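Asker: If you scroll down you'll find the structure; I have some questions about it.
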2 protein chains.
Amino acid sequence: MQSLYIIKIGGNVIDNSESLHKFLEDFTALKGYKILVHGGGKVATQLSETLGIEAKLVDGRRITDIETLRVVTMVYGGLINKNIVAQLQRYGSNAIGLTGADGNLIKAKKRPIKTIDYGFVGDLDDNSVNANGISSLLEAGFTPVFSALTHDGDGQLLNTNADTIASALAVAMSGLYSTTLIYCFEKKGVLQDIDDEDSLIRDINPERYDELKAAGIIHSGMLPKLDNAFSAIDFGVQAVIIGHANDLNKLNDEASFGTRLSK
Amino acid sequence: MQSLYIIKIGGNVIDNSESLHKFLEDFTALKGYKILVHGGGKVATQLSETLGIEAKLVDGRRITDIETLRVVTMVYGGLINKNIVAQLQRYGSNAIGLTGADGNLIKAKKRPIKTIDYGFVGDLDDNSVNANGISSLLEAGFTPVFSALTHDGDGQLLNTNADTIASALAVAMSGLYSTTLIYCFEKKGVLQDIDDEDSLIRDINPERYDELKAAGIIHSGMLPKLDNAFSAIDFGVQAVIIGHANDLNKLNDEASFGTRLSK
């Protein structure tokens, strides 16, 4: 199988023009098939505020009402996505900007109302990703760039977490490609000591993961991230790497980029 | 050669939800390869007003300053494009929403400043359209949906007239497909008597066009539209049809839809 990188960047990269440009240049230099998934950033929040749309939170969870969905469709699907595509084209990457509605590539289900109505939020399942459709774009020479939007197949766009999209893409594509999922964030990776960027843990397998949890080194916010990563690996993803967006250039010699999670 | 329809709709269709849905259903029912090009609509103007961005006109011509470019990138490239795509998917058309930046499919040049600085407006030339890239999407089973945005290949998105994009696409694609360009608007086609919708002229060739101009039946606003249409035909487009967006369902028996311009 040919190899495929699926790389997710979040708002912290998007909001910093210098970081974003360096990242996009490094992304372009990566050899082989690749897919970029990007989250939002401050622009959506700023636009909502300017338009007088109040952020709706229920039990601390953000609600996507119809006005907020319009804003994220404009900002994620339009402004951010198309500017990333234009920059990638400048650097020489044949980017094509997508939502899950495009080519019916990612179909979600509106989150059912239990105690909270999350509004226009889409959840993914095992059949959400159209791997053959995405593969046909890769084989035709395009580099897909996904914003965090999906659709329900019945005409409704939905807001879907970018981490979740990246993970679902990786699992689905691992049937066709030897797939590595990369989460870029603002740390070098999983740190032995959170205050010491030099204490990077290079490799974690499930046994080591259990040890690190038992020792209290991995806890709270990192737990769901790593649980999801190991779950993706169980479902066929070759490795999940967590590293700093500014260091992506080190990926071509894999030994020196981030923390690598694998079996 | 296989046949290809390139169909352009404007703001009048987009702003009317009922018209738009009927049009998208009819578009889906059209057999064979097809491309949709859409313009803007009132939403961009409304959003600009809400954001306090003044419409800048110089000598009656609209200027695309950086703030306006952001708005049209959000509205054309995001909100309108992705909602059209989601609706087309609902009806069963495998739509993929694009700007000219995506896949480097339409590259423009920022309009040079002579007497007026139009801002971030892109002009097209003979080499603007990447016909092979678009063909690879069609052959992979996608139906391209273009918003009126292009890029300069150097990272800059540009605002480009949707009629111009449709015409440039038709000329470029006519080397690979037997291409028919269709402009949908709010009239049944070219009318013998502008006040009588039943006075539709079915067919116009260059000789008849000269007669109609000489007789004063085609004048003012229609002249540049038809001049451009006959120019596209000179460059290889098989026919240009001008008709009412609500009548697209009549296109499958071509005799009854709009005014057909051809050699």
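Backbone N, Cα and C atoms are what each Cβ position is placed from, and that goes for glycine too.
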Asker: Among B:Asn132, B:Asn159, B:Asn205, B:Asn228, find me the residue TrEMBL lists at the same substrate site as B:Gly40, B:Gly41, B:Arg62.
Answerer: B:Asn159
Asker: Based on Cα distances to B:Lys225 (site 'Transition state stabilizer'), point out the closest of the recorded positions B:Lys8, B:Gly40, B:Gly41, B:Arg62, B:Asn159.
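Answerer: Given the candidates B:Lys8, B:Gly40, B:Gly41, B:Arg62, B:Asn159, the nearest one is B:Lys8.
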Asker: I need the neighbours of the substrate site defined by B:Gly40, B:Gly41, B:Arg62, B:Asn159. Which other residues of that chain put their C-beta within 8 angstroms of the C-beta centroid, in sequence order?
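Answerer: Sorted by sequence, the hits are B:Gly11, B:Gly39, B:Ala44, B:Thr45, B:Val72, B:Tyr76, B:Ala148.
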Asker: Tell me the Cβ contacts of B:Asn159 (substrate binding site) under 8 Å, same chain only and six or more apart in sequence, or just say none.
Answerer: B:Thr64, B:Thr68, B:Leu69, B:Val72, B:Gly119, B:Phe120, B:Val121, B:Gly122, B:Ala148, B:Leu149
Asker: C-alpha of B:Gly40 (substrate binding site) to C-alpha of B:Lys8 (site 'Transition state stabilizer'): distance in Å?
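Answerer: Their Cα atoms are separated by 11 Å.
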Asker: Which whole-number value in Å describes the distance between the Cα atoms of B:Gly41 (substrate binding site) and B:Lys8 (site 'Transition state stabilizer')?
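Answerer: Computed Cα spacing between B:Gly41 (substrate binding site) and B:Lys8 (site 'Transition state stabilizer') is 13 Å.
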Asker: Which site among B:Lys8, B:Arg62, B:Lys225 has the most other CB atoms no more than 10 Å from its CB, taking these as recorded positions?
Answerer: B:Lys8
Asker: Could you round the CA separation between B:Lys8 (site 'Transition state stabilizer') and B:Arg62 (substrate binding site) to a whole angstrom and send it over?
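Answerer: So the Cα of B:Arg62 (substrate binding site) lies 21 Å away from that of B:Lys8 (site 'Transition state stabilizer').
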Asker: Quick one: give me the count of other CB atoms within 10 A of the CB of B:Gly41 (substrate binding site).
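Answerer: The answer is 21 other Cβ atoms.
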